[in-house]
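Taken from Swiss-Prot as is:
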- Met1: N-acetylmethionine (MOD_RES)
- 3-63: domain 'LIM zinc-binding' (DOMAIN)
- Lys42: N6-acetyllysine (MOD_RES)
- 64-95: repeat 'Nebulin 1' (REPEAT)
- Thr68: phosphothreonine (MOD_RES)
- Lys75: N6-methyllysine (MOD_RES)
- 97-131: repeat 'Nebulin 2' (REPEAT)
- Ser99: phosphoserine (MOD_RES)
- Thr104: phosphothreonine (MOD_RES)
- Lys112: N6-succinyllysine (MOD_RES)
- Ser118: phosphoserine (MOD_RES)
- 122-207: region 'Disordered' (REGION)
- Ser134: phosphoserine (MOD_RES)
- 148-162: compositional bias 'Polar residues' (COMPBIAS)
- 204-263: domain 'SH3' (DOMAIN)
Amino acid sequence: MNPNCARCGKIVYPTEKVNCLDKFWHKACFHCETCKMTLNMKNYKGYEKKPYCNAHYPKQSFTMVADTPENLRLKQQSELQSQVRYKEEFEKNKGKGFSVVADTPELQRIKKTQDQISNIKYHEEFEKSRMGPSGGEGIEPERREAQDSSSYRRPTEQQQPQPHHIPTSAPVYQQPQQQQVTPSYGGYKEPAAPVSIQRSAPGGGGKRYRAVYDYSAADEDEVSFQDGDTIVNVQQIDDGWMYGTVERTGDTGMLPANYVEAI
(Lines of atoms letter the chains of each structure in order from A and count residues from 1; the text may use other names and numbers.)
(Lines give C-alpha, C1' and ligand atoms only; values in the text may rest on other atoms or scores of the structure.)
Protein backbone atom coordinates (compact mmCIF):
# COMPACT_ATOMS: atom_id res chain seq x y z
CA MET A 1 0.00 0.00 0.00
CA ASN A 2 1.33 3.43 -0.95
CA PRO A 3 1.98 5.84 1.97
CA ASN A 4 0.63 9.36 2.37
CA CYS A 5 2.70 12.51 1.97
CA ALA A 6 3.84 14.19 5.18
CA ARG A 7 3.13 17.63 3.70
CA CYS A 8 -0.13 17.43 1.76
CA GLY A 9 -1.48 14.11 3.04
CA LYS A 10 -2.11 12.68 -0.44
CA ILE A 11 -0.95 9.28 -1.65
CA VAL A 12 2.70 9.12 -2.71
CA TYR A 13 3.43 6.86 -5.68
CA PRO A 14 6.85 5.26 -6.14
CA THR A 15 7.78 7.47 -9.11
CA GLU A 16 7.53 10.70 -7.04
CA LYS A 17 8.34 9.38 -3.56
CA VAL A 18 11.07 10.87 -1.36
CA ASN A 19 11.88 8.92 1.82
CA CYS A 20 13.59 11.23 4.28
CA LEU A 21 13.42 12.20 7.98
CA ASP A 22 11.41 9.03 8.71
CA LYS A 23 8.62 10.31 6.47
CA PHE A 24 7.42 10.09 2.87
CA TRP A 25 7.15 13.18 0.67
CA HIS A 26 6.23 14.19 -2.85
CA LYS A 27 9.21 15.63 -4.66
CA ALA A 28 7.35 18.96 -4.96
CA CYS A 29 6.30 18.88 -1.29
CA PHE A 30 9.84 18.33 -0.04
CA HIS A 31 10.77 22.03 0.37
CA CYS A 32 12.05 24.40 3.06
CA GLU A 33 9.67 25.20 5.89
CA THR A 34 10.56 28.89 5.72
CA CYS A 35 11.24 29.91 2.12
CA LYS A 36 9.46 27.00 0.35
CA MET A 37 12.55 26.30 -1.78
CA THR A 38 12.46 22.80 -3.25
CA LEU A 39 15.10 20.59 -1.66
CA ASN A 40 16.74 17.29 -2.47
CA MET A 41 18.76 14.69 -0.61
CA LYS A 42 22.00 16.66 -1.04
CA ASN A 43 21.10 20.16 0.14
CA TYR A 44 18.50 19.66 2.87
CA LYS A 45 19.04 19.95 6.62
CA GLY A 46 16.68 18.34 9.08
CA TYR A 47 15.54 19.89 12.34
CA GLU A 48 12.83 18.24 14.45
CA LYS A 49 12.07 16.01 11.42
CA LYS A 50 11.35 18.99 9.17
CA PRO A 51 13.38 20.00 6.09
CA TYR A 52 15.19 23.33 5.93
CA CYS A 53 17.58 24.97 3.52
CA ASN A 54 21.05 26.02 4.59
CA ALA A 55 20.08 29.67 4.98
CA HIS A 56 17.02 29.12 7.16
CA TYR A 57 18.30 26.22 9.24
CA PRO A 58 17.57 27.01 12.92
CA LYS A 59 20.76 27.82 14.78
CA GLN A 60 21.25 27.22 18.47
CA SER A 61 21.89 30.37 20.48
CA PHE A 62 23.59 30.53 23.84
CA THR A 63 22.58 32.84 26.66
CA MET A 64 25.29 34.66 28.54
CA VAL A 65 25.15 34.08 32.29
CA ALA A 66 26.76 36.52 34.68
CA ASP A 67 29.28 35.20 37.20
CA THR A 68 27.25 36.08 40.23
CA PRO A 69 28.18 34.67 43.66
CA GLU A 70 25.19 32.34 43.48
CA ASN A 71 26.20 30.99 40.07
CA LEU A 72 29.78 30.52 41.22
CA ARG A 73 28.57 28.62 44.29
CA LEU A 74 26.44 26.34 42.12
CA LYS A 75 29.36 25.76 39.78
CA GLN A 76 31.65 24.85 42.66
CA GLN A 77 29.02 22.56 44.15
CA SER A 78 28.58 20.77 40.82
CA GLU A 79 32.33 20.22 40.55
CA LEU A 80 32.46 18.79 44.07
CA GLN A 81 29.60 16.43 43.30
CA SER A 82 31.36 15.29 40.14
CA GLN A 83 34.55 14.58 42.09
CA VAL A 84 32.66 12.64 44.76
CA ARG A 85 30.90 10.51 42.16
CA TYR A 86 34.13 9.91 40.30
CA LYS A 87 35.82 8.76 43.52
CA GLU A 88 32.90 6.47 44.35
CA GLU A 89 33.01 4.89 40.90
CA PHE A 90 36.78 4.53 41.11
CA GLU A 91 36.64 2.77 44.48
CA LYS A 92 33.78 0.58 43.31
CA ASN A 93 35.59 -0.56 40.17
CA LYS A 94 38.99 -0.83 41.84
CA GLY A 95 40.49 -4.23 41.18
CA LYS A 96 37.96 -5.06 38.46
CA GLY A 97 39.79 -3.50 35.55
CA PHE A 98 40.77 -6.71 33.80
CA SER A 99 39.43 -8.46 30.76
CA VAL A 100 39.17 -12.15 29.97
CA VAL A 101 41.66 -13.21 27.30
CA ALA A 102 40.83 -16.13 25.05
CA ASP A 103 43.19 -19.11 25.29
CA THR A 104 44.41 -19.13 21.68
CA PRO A 105 47.28 -21.25 20.30
CA GLU A 106 49.40 -18.10 19.94
CA LEU A 107 48.97 -17.24 23.63
CA GLN A 108 49.75 -20.84 24.58
CA ARG A 109 52.98 -20.65 22.56
CA ILE A 110 53.96 -17.37 24.25
CA LYS A 111 53.17 -18.83 27.67
CA LYS A 112 55.28 -21.90 26.91
CA THR A 113 58.20 -19.69 25.80
CA GLN A 114 57.95 -17.61 28.98
CA ASP A 115 57.97 -20.80 31.08
CA GLN A 116 61.14 -21.95 29.32
CA ILE A 117 62.83 -18.59 29.90
CA SER A 118 61.86 -18.58 33.58
CA ASN A 119 63.13 -22.14 34.00
CA ILE A 120 66.46 -21.22 32.38
CA LYS A 121 66.86 -18.14 34.60
CA TYR A 122 65.99 -20.19 37.67
CA HIS A 123 68.56 -22.77 36.65
CA GLU A 124 71.23 -20.08 36.20
CA GLU A 125 70.54 -18.62 39.65
CA PHE A 126 70.61 -22.09 41.15
CA GLU A 127 74.02 -22.81 39.59
CA LYS A 128 75.41 -19.44 40.75
CA SER A 129 74.31 -20.16 44.32
CA ARG A 130 76.01 -23.55 44.16
CA MET A 131 79.28 -22.12 42.81
CA GLY A 132 79.72 -19.76 45.78
CA PRO A 133 81.52 -16.39 45.92
CA SER A 134 85.15 -17.64 46.08
CA GLY A 135 87.04 -19.70 43.54
CA GLY A 136 87.95 -22.48 45.98
CA GLU A 137 84.33 -23.00 46.92
CA GLY A 138 83.30 -23.15 43.29
CA ILE A 139 85.71 -25.91 42.35
CA GLU A 140 84.38 -28.42 44.85
CA PRO A 141 80.76 -28.28 43.59
CA GLU A 142 82.04 -28.84 40.04
CA ARG A 143 83.96 -31.89 41.19
CA ARG A 144 80.94 -33.19 43.07
CA GLU A 145 78.74 -32.53 40.05
CA ALA A 146 81.19 -34.40 37.79
CA GLN A 147 81.21 -37.30 40.24
CA ASP A 148 77.42 -37.29 40.41
CA SER A 149 77.09 -37.24 36.63
CA SER A 150 79.60 -40.06 36.25
CA SER A 151 77.74 -42.08 38.86
CA TYR A 152 74.43 -41.52 37.05
CA ARG A 153 75.82 -42.31 33.60
CA ARG A 154 77.73 -45.44 34.66
CA PRO A 155 75.99 -46.91 37.70
CA THR A 156 77.60 -50.31 37.16
CA GLU A 157 81.16 -48.95 37.19
CA GLN A 158 80.70 -47.61 40.70
CA GLN A 159 79.81 -51.01 42.10
CA GLN A 160 81.68 -53.28 39.70
CA PRO A 161 84.91 -53.62 41.79
CA GLN A 162 82.93 -54.98 44.74
CA PRO A 163 82.78 -58.61 43.54
CA HIS A 164 86.61 -58.81 43.59
CA HIS A 165 86.50 -58.23 47.36
CA ILE A 166 83.75 -60.77 48.03
CA PRO A 167 85.00 -63.58 50.30
CA THR A 168 85.13 -67.18 49.21
CA SER A 169 81.67 -67.82 50.61
CA ALA A 170 80.10 -65.30 48.21
CA PRO A 171 79.79 -67.70 45.22
CA VAL A 172 77.69 -70.01 47.35
CA TYR A 173 75.34 -67.11 48.07
CA GLN A 174 75.15 -65.99 44.43
CA GLN A 175 74.52 -69.40 42.86
CA PRO A 176 70.77 -69.59 43.67
CA GLN A 177 70.21 -66.28 41.86
CA GLN A 178 71.97 -67.51 38.71
CA GLN A 179 69.94 -70.73 38.45
CA GLN A 180 72.74 -73.27 39.03
CA VAL A 181 75.67 -71.65 37.20
CA THR A 182 78.74 -73.90 36.79
CA PRO A 183 80.32 -74.12 40.25
CA SER A 184 83.87 -73.99 38.93
CA TYR A 185 85.89 -71.54 41.06
CA GLY A 186 87.58 -69.28 38.56
CA GLY A 187 87.69 -66.07 40.52
CA TYR A 188 86.56 -64.06 37.46
CA LYS A 189 83.52 -65.85 35.99
CA GLU A 190 81.39 -65.91 39.11
CA PRO A 191 81.67 -62.16 39.91
CA ALA A 192 79.87 -61.46 36.60
CA ALA A 193 76.59 -62.47 38.28
CA PRO A 194 76.40 -59.46 40.64
CA VAL A 195 77.46 -57.14 37.79
CA SER A 196 74.49 -58.16 35.64
CA ILE A 197 72.16 -57.82 38.61
CA GLN A 198 73.43 -54.33 39.36
CA ARG A 199 73.02 -53.13 35.75
CA SER A 200 69.40 -54.15 35.62
CA ALA A 201 68.61 -52.77 39.08
CA PRO A 202 68.74 -49.05 38.26
CA GLY A 203 66.52 -49.48 35.20
CA GLY A 204 63.87 -51.42 37.07
CA GLY A 205 64.12 -49.72 40.45
CA GLY A 206 64.54 -46.11 39.27
CA LYS A 207 61.64 -43.90 38.27
CA ARG A 208 60.68 -43.85 34.59
CA TYR A 209 59.17 -40.85 32.85
CA ARG A 210 57.98 -40.13 29.31
CA ALA A 211 58.62 -36.82 27.52
CA VAL A 212 55.48 -34.92 26.48
CA TYR A 213 57.32 -32.07 24.68
CA ASP A 214 60.53 -31.58 22.72
CA TYR A 215 63.32 -29.91 24.69
CA SER A 216 66.74 -28.61 23.61
CA ALA A 217 69.45 -28.38 26.23
CA ALA A 218 70.24 -24.77 27.22
CA ASP A 219 73.32 -25.65 29.31
CA GLU A 220 76.11 -28.21 29.35
CA ASP A 221 74.67 -30.22 32.22
CA GLU A 222 71.21 -30.51 30.61
CA VAL A 223 69.96 -33.14 28.16
CA SER A 224 67.93 -32.83 24.98
CA PHE A 225 65.02 -35.13 24.21
CA GLN A 226 62.03 -35.48 21.92
CA ASP A 227 58.34 -36.03 22.50
CA GLY A 228 57.78 -39.69 23.43
CA ASP A 229 61.34 -40.42 24.69
CA THR A 230 61.66 -42.49 27.87
CA ILE A 231 63.67 -41.00 30.74
CA VAL A 232 65.08 -43.57 33.21
CA ASN A 233 66.88 -43.34 36.56
CA VAL A 234 65.02 -40.11 37.31
CA GLN A 235 65.70 -38.29 40.56
CA GLN A 236 63.83 -35.18 41.71
CA ILE A 237 66.11 -32.18 42.37
CA ASP A 238 63.38 -29.63 43.17
CA ASP A 239 59.91 -28.68 41.98
CA GLY A 240 61.18 -27.50 38.60
CA TRP A 241 64.10 -29.81 37.68
CA MET A 242 64.94 -33.51 37.57
CA TYR A 243 68.04 -35.57 36.86
CA GLY A 244 67.86 -38.61 34.60
CA THR A 245 69.04 -40.50 31.51
CA VAL A 246 67.44 -40.41 28.06
CA GLU A 247 67.03 -44.06 27.13
CA ARG A 248 67.15 -43.41 23.38
CA THR A 249 70.44 -41.46 23.36
CA GLY A 250 72.03 -42.53 26.64
CA ASP A 251 72.68 -38.90 27.65
CA THR A 252 72.43 -38.07 31.35
CA GLY A 253 71.76 -34.65 32.84
CA MET A 254 69.18 -32.22 34.15
CA LEU A 255 65.76 -31.81 32.53
CA PRO A 256 62.68 -29.64 33.28
CA ALA A 257 60.05 -31.46 35.31
CA ASN A 258 57.09 -29.93 33.45
CA TYR A 259 58.22 -31.51 30.16
CA VAL A 260 57.81 -35.13 31.32
CA GLU A 261 55.17 -37.28 32.97
CA ALA A 262 55.49 -40.42 35.07
CA ILE A 263 54.93 -43.79 33.38
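Glycine is no exception: its Cβ is also placed from the backbone N, Cα and C atoms.
Since this is a predicted model, take the numbers as computed values, not measurements.
Feature map: annotations from Swiss-Prot on the structure.
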| residue | record | CB count, 10 Å |
| --- | --- | --- |
| Met1 | N-acetylmethionine | 4 |
| Lys42 | N6-acetyllysine | 5 |
| Thr68 | phosphothreonine | 9 |
| Lys75 | N6-methyllysine | 12 |
| Thr104 | phosphothreonine | 9 |
| Lys112 | N6-succinyllysine | 12 |
| Ser118 | phosphoserine | 11 |
Distance check, please: Cα of the residue listed as 'N6-acetyllysine' against Cα of Thr104 (phosphothreonine), rounded to an integer number of angstrom.
48
Reported as an integer number of Å, what is the Cα distance between Thr104 (phosphothreonine) and the residue listed as 'N6-succinyllysine'?
12
Can you tell me how far the Cα of Lys112 (N6-succinyllysine) sits from the Cα of Ser118 (phosphoserine), in Å?
10
Cα-to-Cα gap, Lys75 (N6-methyllysine) vs the residue listed as 'N-acetylmethionine', nearest whole Å:
56
How many of the residues that make up the domain 'LIM zinc-binding' (3-63) does DSSP mark as helix, as strand and as coil?
3 helix, 18 strand, 40 coil
If I take the alpha carbons of Thr68 (phosphothreonine) and Met1 (N-acetylmethionine), what is the distance between them in whole Å?
61
Along the repeat 'Nebulin 2' (97-131), what average pLDDT does this model show?
79
Reduced DSSP assignment, Lys112 (N6-succinyllysine):
helix
